[in-house]
Structures are given as C-alpha cells and as structure tokens.
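Novice: Take a look at this one; I'll ask things after.
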Amino acid sequence: MNENLFASFAAPTMMGLPIVILIVLFPSILFPSPDRLINNRLASIQQWLIQLTSKQMLSIHNHKGQTWALMLMSLILFIGSTNLLGLLPHSFTPTTQLSMNLGMAIPLWAGTVITGFRYKTKTSLAHFLPQGTPLPLIPMLVIIETISLFIQPMALAVRLTANITAGHLLIHLIGGATLALMDISTTTAFITFTILILLTILEFAVALIQAYVFTLLVSLYLHDNT
C-alpha cells in the first residue's frame, strides 16, 4: 500500500534514464514568444495575466527591486504551470520534491540577502538587533534573528512541498476509496466521487495560490533588502 501511495512521487525514468529534466523544461512550451503583429486570444490572456500579476507584485518595489521583474514572473509561471500539469493523470509533479524546491528557494533567498548587504548594509545588519534591546538580551536576539534568517529558504521550500504533496495524497486516497466502494455501496461511492471532484477543483486553486505565495514571499524578501 505504501509503495503504491508514494509511487507517483518517485522520479520517472525512461529506459533506465531519468527524465526529470525534460519534465521541468516542458512548461516552457506552454508560453511561446509571440511572433505575430496581432496576438490570438490565448496569447492576449497570458499577457494580460502576466501584466496584472507583475503590476501587483512590483508596485511596492523601488527601481532596484523592479529589475527582478523578469525573474519573478518566470518563477510564478514555472511553478504555476508545473503544479497544474502535475494534476494530470499519470503525471509527475517536480514541486513535490523538496530538493527541487530548495534548489529554487536557496539561490533566490541568497540573492536577496546579498543584495541587501551590498546596497543597505547598515539596515540589513540592524535587523539582527532591534532598537532598544536590553544589553543582557543582545547575544540571544542576535542568535535568534540569525537562525530565523537562515530558516527562510527552508520555510519557502517546505511550504510548497507540503501543500502540493498533501493535495496529491488526498486525491489518491479518495480516488482509491471511490473505486473500492463501487462494489459495496453505490450511494457512498457517489458521495466520495463528488468529494473527489470538489477536491480536484480545490487543488487547481491551490496549485496557482502556492505559486503566487512562493513568488510573493521572495518578492517581500527582496523588498526588505532593496
């Protein structure tokens, strides 16, 4: 049972070779560069959504922060499309892997921290020690603030991994329960199937929300350091 339950989270292979890289690169096909003077409806909707999201996310940033616009928009598009594609049957979701999420979170977090120490050195150092701290508490607060700073990328990665993995496990469990109940009670099977449909719709929303939350937190880290 455990093997079947977590089989969908194993890295897929083809002829003994891992194909995770191809899966990670696949979402880029969904967002082709427009090469026509007048875009079609799909390209126009994509551009409208990107402009709306970038306007909302970058409105709090100064000029230095707005230079990260391409990085932030690419990040939210990649995570969102990867999460949605992972909801297809017999598919693989790379964002359920903690190693991949850490691979995204750590460089982005490190980039914001390095930017802060480069352009706002005094302000960045001041975050480690709040104003008016009693002298005996200074060493303890510096240690706590340092730990909280280094926990930020782990929190980013774990939040995304836990939410996507939990949703997939629930869909798998309820789907298996629905198949098992079809031979026992048709009414109960219909109820669980209805719950499965509602949960699937919820997971589509979670897939987009988690992409937005991940990118928004990176944007807030950037805002604190620019």
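Note that Cβ sites are derived from N, Cα and C of the backbone, with glycine treated the same way.
Note that the structure is predicted; figures quoted are calculated from it, not measured.
Annotated transmembrane segment per TrEMBL: 6-31, 67-86, 98-117, 137-158, 164-182, 189-222, in sequence order.
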Novice: Count the CB pairs under 8 A between the transmembrane segment (189-222) and each of 67-86, 98-117, 137-158, then give me the winner.
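Specialist: Looking at each of 67-86, 98-117, 137-158 in turn, the most contacts to the transmembrane segment (189-222) are made by 67-86.
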Novice: Can you tell me which parts of the same chain pack against the transmembrane segment (67-86), counting only residues 6+ beyond its ends and a CB-CB cutoff under 8 A?
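Specialist: That would be 24, 26-28, 30-31, 50, 53-54, 57-58, 61, 92-96, 104, 108, 160, 164, 168, 204, 206-208, 210-212, 214-215, 218-219, 222.
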